[in-house]
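Below: one structure, written as structure tokens.
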Amino acid sequence: MTTDTIEDATPGSPPRKSGTPASDTTGWKWRRSEGLVLNAFSHVFLVVWALMVGLPLLWALWSSFKSSGDILSHPLSLPTHFHFDNWSHAWSKANMGRYFINTIIVVGFSTFGTMLFGSMAAYVLARFEFPGNRLIYLCFVAGMAFPVVMVLVPLFFVTTNLGIINTLPGLILVYIAYSLPFTVFFMTSFFRTLPTSVAEAALVDGASHTRTFFQIMVPMAKPGIISIGIFNVLGQWNQYLLPLVLNQGDTSKWVLTQGLADLAVQQGYQGDWGGLFAGLSIAMLPVLAVYIVFQRQVQAGLTAGALK
Amino acid sequence: MATVTFDKATRIYPGGEKPAVDGLDIEVGDGEFLVLVGPSGCGKSTSLRMLAGLEDVNAGAIRIGERDVTHLPPKDRDIAMVFQNYALYPHMTVADNMGFALKIAGVNKAEIRKRVEEAAKILDLTEYLARKPKALSGGQRQRVAMGRAIVREPQVFLMDEPLSNLDAKLRVQTRTQIASLQRRLGVTTVYVTHDQVEAMTMGDRVAVLKDGLLQQVDSPRNMYDKPANLFVAGFIGSPAMNLIEVPIVDGGVKFGNALVNVERDAVQAAADKGDRTVTVGVRPEHFDIVNGESEGKSLSKDAPAGLAVTVNVVEELGADGYVYGSAKVGDEDKDVVIRVGGRAIPEKGSVLHVVPRAGETHVFATSSGERLSD
């Protein structure tokens with residue numbers, strides 16, 4: 001009985017709606033107060049969680065404006081005056097600018113490639129019946145379950161033999177292959193939810209399969225493509241293991257994560273903590289920006305399959 | 001414009017044994033409006049999709065004009081299709097939706113604009129050309145789907161239950177609009193519906209399908225007057241025809257306490273096949289009420305002539321009314337529907353005596369379902 005009432009109270013007081021009073025007007029005071037307690041509890045929890053996630057980011061950001069001495073002596077204080085030279089130092093001296101551009105090139109091309117090939121494969125798997133369809137789909141699903149650590153050594157030799165080790169195109173290709181399974185898996189189920197008759201209407205209207213895909217199906221699948229695209233951008237931007245193994249040559253080809261690791265080691269010895277935090281912020285901000293800009297589409301994309 | 005020919009076209013779905021469409025043989029004339037009608041799962045939509053090129057043809061052929069299109073992709077068939085759910089392109093404006101096919105065909109922009117605007121004018125869509133489909137009502141979306149077909153100026157229109165998503169009133173209104181539009185454009189049209197009223201009101205000819213087999217193709221009038229078999233008789237007409245199994249007696253068939261004259265040959269044909277009974281079909285409006293008066297050919301002098309029907313439910317429609325009653329035929333109770341005048345509605349529970357009007361009865365073989373009377 002008690003469990004019932006608790007379950008009843010929960011949906012009446014969703015944790016997000018803090019400002020609005022409990023909407024049920026049954027007049028059962030005890031039930032309302034129980035809802036309030038739950039509400040307060042869940043909000044405290046959410047606030048604590050937000051602080052745990054947000055504060056370190058903010059701390060890194062404001063520390064990037066402090067001098068190294070300041071960071072060590074007063075680690076939690078706000079910057080007294082802004083040391084922008086940390087940023088310029090990180091950008092030019094620690095080569096973060098170079099790494100930043102490399103990362104943009106790699107992530108840009110690999111995300112584009114992943115989305116292009118992934119959605120094309122997914123469309124075919126979702127919409128066309130042919131022998132082996134199911135098998136190919138299951139191979140992609142199996143690819144998701146396969147830990148990348150296990151293929152690092154073979155991958156190293158494959159890229160070496162192909163002569164694309166320690167090159168950006170090589171890294172791009174590996175990123176694409178690495179991201180395809182989840183992209184195909186996600187997009188296949190997304191394409192399955194779209195009405196078949198629209199594609200048929202395009203065929204009757206005289207469109208080829210290629211045109212139907214690019215001009216009709218892709219725009220219709222936009223929410224899914226954007227959300228999985230952002231997922232790939234985030235994942236590939238933060239990728240460290242693959243570049244560490246496959247891109248260990250010339251430092252001019254390094255990506256941000258490698259540079260940051262290097263900065264952490266080297267600047268640590270030199271005591272340039274400000275520079276390290278500036279480098280961290282450089283790596284972090286674009287991702288944050290992407291997420292803020294596309295936040296709505298991500299939410300739309302995540303729920304798009306649920307309703308019709 | 002063009003004719004459309006189904007030449008023993010057959011479709012068997014992969015993994016299935018029984019054909020969804022079995023040897024369909026129909027010839028649609030130039031500019032004709034043919035309606036394919038049947039219960040759900042009868043293969044009518046499949047037939048249409050075969051004609052559109054969205055479904056493979058496993059045997060037989062389909063021709064548009066003289067051209068064999070059996071294995072051509074949809075884009076090479078010069079057809080336009082209106083889908084049940086309209087299948088509009090959600091990310092394009094109404095104008096782009098309607099002009100998409102022309103754009104693909106490489107028509108120049110000014111010409112596309114002109115033709116889209118013409119079609120929009122016909123369909124009363126001019127003010128919505130810049131809107132996206134989601135900002136339109138159901139009826140407007142339906143018209144956009146029609147417009148998309150019209151601007152193509154194709155050889156054949158295909159319509160797959162285009163009215164089934166509209167509300168009842170709009171459906172009746174749009175029904176007439178589509179029919180008159182088709183007459184005006186003179187484009188050969190194949191129209192699929194499960195609604196026999198749509199079939200009767202819109203088509204030049206109606207084709208009835210059941211389980212993938214063509215039952216009858218004829219004008220609505222003939223379909224109504226001379227259904228080829230029991231299925232068509234029961235399917236066409238609303239309310240449905242009364243189909244009552246009656247024993248064969250000398251000189252005709254016994255219908256309650258009345259004798260209905262049926263051609264001797266027809267009864268003989270049934271008797272030769274070993275049937276003891278035939279199924280008599282009488283439409284609700286073809287019953288005459290003969291209460292008390294023994295003008296009919298009464299079999300026994302004591303009882304009043306005709307079939308005694310106990311009234312269960314009366315549907316008053318204003319102009320007329322439908323009486324749903326039950327009658328004892330042989331040893332069984334049969335449901336009977338009778339149309340009565342709007343001013344002469346019987347009480348519930350009362351008993352009517354009815355005889356089928358002479359010359360308006362249909363006789364079918366009980367075993368095969370084939371029509372016996374001519």
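Cβ coordinates are placed from backbone N, Cα and C, and glycine is handled just like the others.
Listed in TrEMBL for this protein:
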REGION    A:1-26  region 'Disordered'
TRANSMEM  A:36-62  transmembrane segment
TRANSMEM  A:99-123  transmembrane segment
DOMAIN    A:100-294  domain 'ABC transmembrane type-1'
TRANSMEM  A:135-158  transmembrane segment
TRANSMEM  A:170-191  transmembrane segment
TRANSMEM  A:212-234  transmembrane segment
TRANSMEM  A:273-294  transmembrane segment
Open item on the list: Three or more CB pairs closer than 8 Å, sequence separation of 6 or more: does that hold for the transmembrane segment (A:212-234) against the transmembrane segment (A:99-123)?
Closed with: yes
Task: For the transmembrane segment (A:273-294): best-contacting stretch of A:36-62, A:99-123, A:170-191, by Cβ pairs under 8 Å - done: A:36-62
Task: Folded-back contacts onto the transmembrane segment (A:170-191), same chain, C-beta under 8 angstroms, at least six residues removed - done: 106-107, 109-111, 113-115, 117-119, 121-123, 125-127, 137, 140-144, 146, 148, 155, 159, 162, 164, 217, 221, 224-225, 228, 231-232, 235-236, 239, 242-243, 246-247, 255, 304-305
